[in-house]
Amino acid sequence: MNTIVDILASAGLWAAVLRIATPLILGTLGALLSERSGVLNLGIEGIMTFGAMVGWLAVFNGADLWTGLLVAALGGAVFGALHAVLTVTLGLSQHVSGLGVTLFASSFAYYVFRLMVPVSGSPPTIEPFQPIDIPGLSDLPFIGPAFFTQTAPTYLAIALAILLAYILAKTPLGLAVRMAGENPHAAEAQGVNPMVMRYGAVIVGSALMGVGGAFLTLSAFNSFFPTMVQGRGWICIALVVFASWRPERALFGALLFAFFDGFQLRLQTALDGAVPYQIFLMIPYILSIAALAVMARRARVPQALMQPYRRGER
Amino acid sequence: MRFERREHRPTALVIATPLIAVAAALGIAGILIALAGAPVLEAYWKILVGAFGSKLSITETLTRATPLILTGLAAAVAFRARLWNIGGEGQFYLGAIATAAVGAHLTAGLPGFVQMPILMASGAVAGMILLLLPLWLRLRFSVDEVVTTLLLNFVAILFVSMLIDTVLKDPMAFGWPQSEAVERAARLPKLVDRSRLHIGLLVAVAFAFIVHFIQSRTTFGMRSRAAGLNPKGAVFAGVPLGRTLVLVAMLSGGLAGLAGSIEVLGVKGYVTTDLSPGYGYSGIVVAMLANLHPIGVVLAALFTAVMFVGADGMSRSLGIPTYIADVTVALSLISMLVAVFFTQYRVRR
């Protein structure tokens, strides 16, 4: 009992929660935006891997960190465009197309990485994003070190969640995206082009996924290695359902999820091998499945999700 | 420019589709090989030599194709009924560990020909169980099975990793994390001496024909097809959708579990967490390349095995990263999707 209280009372845990949540927030926002327009993007795991690799590679070759994030966003956008061609223009099965994008993006990332970076004993590293102290706030006891000494991409991810929530709920653009995902035929009748909305949402969403992946190599760690995304993309897909397709809830869901993850890491250390470590590693996946089972029926699925839109064809 | 549904599909076009798709994928992979500074034609030649150049490489390619046929069939039967089973990898591992556990603890001492079918059946049952859970979640709570089957892959592999660290750890393995082994008598006989090729290949091919028979000649096969083409229409026509999907899941999960079981019985005899280099995921590509046709799965599995085994040889001699094999296989999936689209639609200006 004491250990649990000790863990909860350490600022380190809460700082880690925000850190662990960042790629999940970005990935979930990306998947959410895409699904809101009617396109499921299972390419996320591969797109995050590609973003992680290409962002890191840019910085390794002398670009600054922000350029690295931009490159990762562009890399994600390219694969998003591929997914959009397959699912929006051709109207192929979104499930299978997404899996194809994932397989292609991740194996392509490994291939390019191996070509550009020769094999060596220890993986080459870069100088990652450093924590930024928010003046005034970071000096607060406990709260300061826990929440206000994060790296820049973490603040960016939270800001983007709020921005996306605003855009989707309050702007004409957000309405047009939502109409494309709810009823593209009605959208067309209203003068909104659902194809354009879907292309835009998938591409911008994939760019966010790419940045989410790049957070891993440019901020959380300082090198790239295969399988480093480790299923985070799939968890983002589950988090979208948990969040009922709403960005503000996605932020909350990602933080909650990261809390459990950060907590189990510390509990695992505290228990020191009394419980097989694999049990702890299973928790995030089991939690995701449980969250899906609880939320799936209550969630408001975009009505045209996974339905290809073809003009004049119903 | 717009697309128009074709009235009928020319048979020649349908048969040519996978070939066109594979050619397109190899073309794009060729560009990537050229960008790496290697001669493209020589690279392709090395892939063929690596996969077929010697007796050893041919048996190795066929050994690799064996689990791919079974995981490919697993994906194909599920996808046909629009049950998105992406959990082949987890079902493979659960099948493998069930085989090792039963072989080491329950059937040890029995004659080999008695053990083999029991062990394969336990692998298949383990795979079934892992797919029935997500199906139950779909039918009961309408949870999309894509995500749940995927997430269960991670759970299953961690579960296997835990078992081979603890209760099923082989005490003779010098602390190396591997499971206890099944008896020599229970291992699948070799097809070719001094190679890894085992009779599992024949079992896998036999299952391709069995699945083809089930799909084309039985009521269940017809129902599962109807469930995939139009679920609402199928229910209206009196197809018991839930029951059909349960049977599809048992067949699909069973085949993936059997793949793991046969890999244990045929190749290693025990389980490690690197038993599969992604056979479950590659099975999805194999199924799509075959356009979900069971006999096509055998050919698609062979193509995929050629890429993986051949690329190893090519990589060694030309210094191209072996990941080019995964890239090519993934590109084949994407180009196959596009190619299938053009058998169904034509472009109208």
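The backbone N, Cα and C atoms fix where each Cβ goes, and this holds for glycine too.
Feature annotation from TrEMBL assigns transmembrane segment to B:12-41 (among others).
Among the features that TrEMBL reports, transmembrane segment is placed at B:61-79 (among others). Long-range neighbours of the transmembrane segment (B:61-79) within the same chain, counting only residues 6 or more positions beyond its ends whose Cβ lies under 8 Å from a Cβ of the stretch, are 51-52, 85, 88, 91-92, 127, 131, 195-198, 200-201, 204-205, 207-208, 211, 215, 224, 228, 248-249, 251-256, 258-260, 262-263, 266-267, 276, 279-280, 282-284, 286-288, 290, 292-294, 297-298, 300-302, 304-306, 308-310.
As annotated by TrEMBL, transmembrane segment applies to B:91-110 (among others). Panel annotation: around the transmembrane segment (B:91-110), residues 67, 71, 74, 85, 118-120, 122-127, 129-131, 156-157, 159-160, 163-164, 168, 179-183, 186, 253, 256-261, 263-265, 270-271, 273, 275-276, 279-280 of the same chain, lying at least six beyond its termini, place a Cβ under 8 Å from a Cβ of the stretch.
As annotated by TrEMBL, transmembrane segment applies to B:116-137 (among others).
Marked as transmembrane segment by TrEMBL: B:149-168 (among others).
What TrEMBL records for B:197-214 (among others) is transmembrane segment.
TrEMBL lists B:279-311 (among others) with the feature transmembrane segment.
Outside the transmembrane segment (B:323-345), and at least 6 residues removed from its termini, the chain residues within Cβ reach (under 8 Å) are 3-6, 9, 13-14, 17-18, 20-22, 24-26, 28-29, 32-33, 282, 284-285, 288-289, 291, 303-304, 307-308, 310-312, 314-315. Residues or ranges marked as transmembrane segment in TrEMBL: B:323-345 (among others).
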Positions whose Cβ lies under 8 angstroms from the transmembrane segment (B:12-41), at least six residues beyond its ends: 289-291, 296, 299-300, 303, 318-321, 324, 327-329, 331-332, 334-336, 338-340, 343
Range from B:116-137, B:149-168, B:197-214 with the greatest count of C-beta pairs under 8 A to the transmembrane segment (B:279-311): B:197-214
Beyond the flanks of the transmembrane segment (B:197-214) by 6 or more, those residues with Cβ under 8 Å of it: 59-60, 62-63, 65-67, 69-70, 73, 76-77, 120, 187-191, 220-221, 251, 255, 258-259, 262-263, 265-267, 293-295, 297-298
